[in-house]
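Q: Structure provided below as structure tokens; questions to follow.
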Amino acid sequence: MSEQKAFNLKIDEQNIAWLGIDVPNEKMNTLQAAFADEMKAIFAQLKDSSGLKGLIVHSLKPDNFVAGADVRMLEACKTAPEAEALARQGQELFQQLSDLPYPVVAAIHGPCLGGGLELALACDFRVCSDDDATRLGLPEVQLGLLPGSGGTQRLPRLIGLLPSLDLILTGKQLRAKKAKKLGVVDACVPQTILLDVAKQFVEKGKKRAKQKVTTKEKLLSGSGLGRKFVFEQAAKKTHEKTRGNYPATVAILQVIQHGLEKGMKQGLELEAKRFGELVMSNESKALRSIFFATTEMKKETGSEAKPSKVGMVGVLGGGLMGAGISHVSVAKAKVPVRIKDVSNDGVLNALKYNYKLFDKQRKRRILSKAQLQSKMLQLSGGTDFTSFNRTDVVIEAVFEDLSLKQQMVADIEANAKPETIFATNTSSLPIHKIAEKAQRPENIVGLHYFSPVEKMPLVEVIPHESTSEETIATVVALAKKQGKTPIVVKDQAGFYVNRILAPYMNESAHILLANEPIDKIDTALLDFGFPVGPITLLDEVGVDIGAKIMPILVAELGARFKGPDVFDVLLNDGRKGRKSGKGFYTYKGKKKEVDKSVYKLLKLTPESKLSDNDIALRCVLPMLNEAVRCLDDGIIRSPRDGDIGAIFGIGFPPFLGGPFRYMDQFGLKELVEKMNQFAEKYGDRFAPCDGLLTRAGEGRRFYDN
């Protein structure tokens, strides 16, 4: 344990104890097993101190309370009982805090998450700042875990069963006012008076009285029948969402129910036991690997060079992508944006799109009316290049047409500063071709966003051979400020995400042409863990977009990207997907149904012959094969980048950890065997690539751990 202490105890003149948390050499406070002895000693001292009026637990960090338990300590656990012991230790410490004979108040400013909230729940009262940085939640489920230090038992007893299930099963984070409304905190006040208000709670001199239970809560969780109904409904809804792929949700329901029926002591025992089991599960290991990867990536700059300052962004094109890019630039990166479109309608649509998103935040009380107006004032636009001479980065989001994009480069070189970076949001065109006629090719880079931009977390940064290191560093820094996770990929057709997606989509078309029903194919991949099935995805992206991308991949990467002739048949029948109201499905508002006339159009007689598992593997194996080729061709820099790209870019099942983690878990020898079986049965497109064969033959893995 470090010599510096994480917990600082002071007793003031009024006999109020102040426990300040300040984890040494860390920006954020996190709870670590190494602090256990220190905490035990402090709680023993507090228990034995006579005449104390109360205790206030607060943070000595300027911007966070406790961001959770340090997830790294779980990696040292080799068995479920070891992980269970960690949970029991946390439970015992928080129980000691709860058992102190005087009022204990948590004064919360900034993130109060996971173990941090469990610490606060063990206090009698909670007071938080109304600052936007204050967030409260139990996000353990997102790591494939459950709250292991009493959270599953204390929260339902504090705020009731239904709101607790919602918070613990989703891992959602509450803003301060919502936390007050739900009863998670007792007061929500300006940060300047936070500690004074905490003191007032101590001065009342009372421990927390038992919660008053509402009639609704009595009916729902107080009676065996009501409780049974709530848990049955919660299990049903959760299974619909997770399709049985996340064991943590099942454990959460079981542990909360057990605690309400058998009492808190037994509830805590089961909480610790299930926590230990979940720590050792493949799902949690995969989800934790994503957490560690994204944490690492936040520190990376993509280049050795220093990024240039970005004071203003220009956006070319007011369509869906341009509107989304302008939104994240203003809302997240907090830089003013100038939009240019060929028509005023295009600019107007982009502004309306932004207003709609900001207004949603106003309705949810995230933004005030004045803040909304202030955000909208950061956006302007027109049909000419006015103000583009002040832009530092221009992001182009026009149609996928090479000569049009080259013209955009020429226009920006003529109308912006010599050092202005031109970032193209192409999804398929090679960056070196877009930069071919540029006067300053070092300023040109690919910046591939995913739709809808304001929701999708990934961006691919694609330098071509002449892109400067400073340009790379600048767009990586900008993407991070926009709230994105950037991965730097090599300039080759399809880049990374679309390149691994193409064989997956092609195989779904092969399966369809073998008479498997459309909804059966989609369901098989949903059950595998994808957020949408491949046929639905094609409709969402647009059949016309797929038809444009595939020939580019075939031309540059070879015949293995040639899919069945489905696109042209659909497009000739006016089926572009959701945007045209019909594709493989028909769309009426939010409802979609399989358009059975597609079968006739494609001369098919739908009949289910394949198992769900075979359908899923047939789609996924070509994707895995292509991911390995991308790694060996230098398209991605590491298996980690490949995993994050696939999860954040196309929704590869997070509980599998990404294509490379999944291959390690599957076993490379077994994977090669399965691919060879499929190659024999369905064709050479399943033949394992050289990189897979070599690694399998040498007994190597993609990851060491």
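Backbone N, Cα and C define each Cβ position, glycine as well.
Annotations for this protein, taken from Swiss-Prot, read as follows:
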type	residues	note
REGION	1-190	region 'Enoyl-CoA hydratase'
REGION	308-705	region '3-hydroxyacyl-CoA dehydrogenase'
SITE	Glu118	site 'Important for catalytic activity'
SITE	Glu140	site 'Important for catalytic activity'
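Burial and contacts for the listed features, if you can.
A: Glu118 (site 'Important for catalytic activity') has a Cβ environment of 28 other Cβ atoms inside 10 Å.
DSSP gives Glu140 (site 'Important for catalytic activity') a helix state. In sequence order, Gly114, Leu146, Pro147, Gly148, Gly151, Ile168, Gly171, Ala248 are the residues of the chain that are 6 or more apart from Glu140 (site 'Important for catalytic activity') and have a CB within less than 8 Å of its CB.
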Q: Helix, strand or coil by DSSP: which one applies to Glu118 (site 'Important for catalytic activity')?
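A: Glu118 (site 'Important for catalytic activity') sits in a helix per DSSP.
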